[in-house]
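Trainee: My questions all concern the structure below.
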Amino acid sequence: MLIPEPIQADFPWLSLSILFPIVGALIVPFIPDKGEGKEVRWYALIISLITFLITVAAYFKGFDPSLEGLQLYEKVSWLPDLGLTWSVGADGLSMPLILLTSFITSLAVLAAWPVSYKPKLFFFLILAMDGGQIAVFAVQDMLLFFLAWELELFPVYLFLAIWGGKKRQYAATKFIIYTAGSSLFILLAGLAMGFFQGGGVPDFGYTHLAQQNFGRGFQLLCYSGLLIAFGVKLPIVPLHTWLPDAHGEATAPVHMLLAGILLKMGGYALLRFNAQLLPDAHAQFAPLLIVLGVVNIIYAALTSFAQRNLKRKIAYSSISHMGFVLIGIGSFSSLGTSGAMLQMVSHGLIGASLFFLVGATYDRTHTLQLDEMGGIGQNMRIMFALWTACAFASLALPGMSGFISELMVFVGFVTDEVYTLPFRIVVASLAAIGVILTPIYLLSMLREIFFGKENAKLISKAKLVDAEPREIYIIACLLVPIIGIGLYPKIMTDTYISSIDGLVKRDLLAVERIRSDRATIMSNTSLSIGTIEAPLLD
């Protein structure tokens, strides 16, 4: 498979963006404070903002969005006898998510301002997680990817186990079992692909793996394992059950990291490994991804509609929206796959905003039950306005990023001639059910929170105050790109369209190979008693 040669970095921007927050985290225990965590808060905010600026500088100084291949490429021999190298780079698949990660993390630090219990440990974990998540998107070596993938598991586990709600131990244990257990498939697939040629030193680099002529059976086996691993993180129904429990116990900044970044790791990995490195298997598995996407959309939307717990309602809404990512990845059109990429960025912003507002509302009401929240709109008018704007973004209101990303997925899939017309019509019709349900459950949620039957005991609470400047600032920072992308999507799509076009072209070649092989088998085989070469019958 021909792919462009990587372009070497003039300056180690990506290594710096990974190592800077990790080194910053290691300094946290030595920061003097008076027990209130004021100093460490400001320190973490400065480190996260500098990391964000480093990624922005990397984009403007060393990244050309018109090029398909890897840029900002760095490769340093690490353990040569084992085939391990420090290899990082960015293309259109990774650069938008690197920027999203550093942006969301800096806002999550600001959202964590009220944290007073073990603040040093909390901000240490946020900074370490920042570097680990950037590494997931930037590394260009499959074993390094596995290490980065595992690195972000432990901060999330501790966030849930230490700062979570009443069922925090259950949620944390379930999270680590699901995610760490499924990660074994990444390691096994990576080792199998790296040692594929046999003999000599293995090579786990993406560029090397993309050029290997893996057999179709080998691809199908690796694809199956990776689909399970990445399906847990996306998540794909029925591998999703850890997510509502995790969101149900997490605090607001952890919500932002989970919804804004963690879920996108699964979508990115499906594009990077399943679609790019295993194209023949992807051509055969793609219809399954489409079906799973439809199941995600409908099942999660119906479940969200039935939820009375605010966190779980938004969690299932996230699962539903990620179904569009699956449909886009399963399509063989640049428009549909581009829509999946945009949906990941869009949902990262929208999901982070909604979950932050859930946390802010809980801090005031101390309840997550919609039945107990009625009538708080008269005391929290600005909060209601923020909720309304973010809910409209989530229900894909025209002029916001969610609308254009879902529209691209729909149009890209419906016009994709790889699939038969009846299949496209059925999938589009079923997916439309989720689009219809989303405004119903989100608008009814707003009504129940702010304009339902008044809870006199809740209304009388002195702490039922309106949004404060810090909260308004965080939501404003998220709404600006949501609206900006919605009004002018090219500002985002131009960053990755070249890489998406190249990916789709290679996958279409795989589709043609499979069709050609099937046609050859159909024409050359005939019924034969006592042999395994029986004909393939229509």
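Even glycines carry a Cβ here, placed using N, Cα and C.
Dumping what Swiss-Prot says about this protein:
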TRANSMEM  11-31  transmembrane segment
TRANSMEM  43-63  transmembrane segment
TRANSMEM  95-115  transmembrane segment
TRANSMEM  119-139  transmembrane segment
TRANSMEM  143-163  transmembrane segment
TRANSMEM  175-195  transmembrane segment
TRANSMEM  217-237  transmembrane segment
TRANSMEM  251-271  transmembrane segment
TRANSMEM  285-305  transmembrane segment
TRANSMEM  314-334  transmembrane segment
TRANSMEM  340-360  transmembrane segment
TRANSMEM  425-445  transmembrane segment
Trainee: Under 8 Å between C-beta atoms and at least six residues away from its ends: which parts of the chain pack against the transmembrane segment (217-237)?
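Mentor: Long-range Cβ neighbours of the transmembrane segment (217-237): 178-179, 182-186, 188-189, 192-193, 196, 243, 262-263, 265-267, 269-270, 273-274, 278-282, 284-285, 292, 295-296, 299-300, 319, 322, 325-326.
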Trainee: At a C-beta cut-off of under 8 Å, are there same-chain residues at least 6 beyond the transmembrane segment (425-445) that contact it? List them, or none.
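Mentor: Residues 290-291, 293-294, 297-298, 300-302, 304-305, 310, 313, 317, 320, 323-324, 327, 370, 391, 394-396, 406, 410, 413-414 contact the transmembrane segment (425-445) from elsewhere in the chain.
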Trainee: So which of 11-31, 43-63, 285-305, 314-334 is most in touch with the transmembrane segment (119-139), counting Cβ pairs under 8 Å?
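Mentor: Looking only at 11-31, 43-63, 285-305, 314-334, the most contacts with the transmembrane segment (119-139) come from 11-31.
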Trainee: Does the structure show the transmembrane segment (95-115) and the transmembrane segment (314-334) touching, where I'm treating 3 or more Cβ pairs under 8 angstroms (sequence separation 6 or more) as a contact?
Mentor: no
Trainee: Sort out for me which stretch, of 43-63, 143-163, 251-271, has the most Cβ pairs below 8 angstroms to the transmembrane segment (340-360).
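Mentor: It is 251-271 that shares the most Cβ pairs under 8 Å with the transmembrane segment (340-360).
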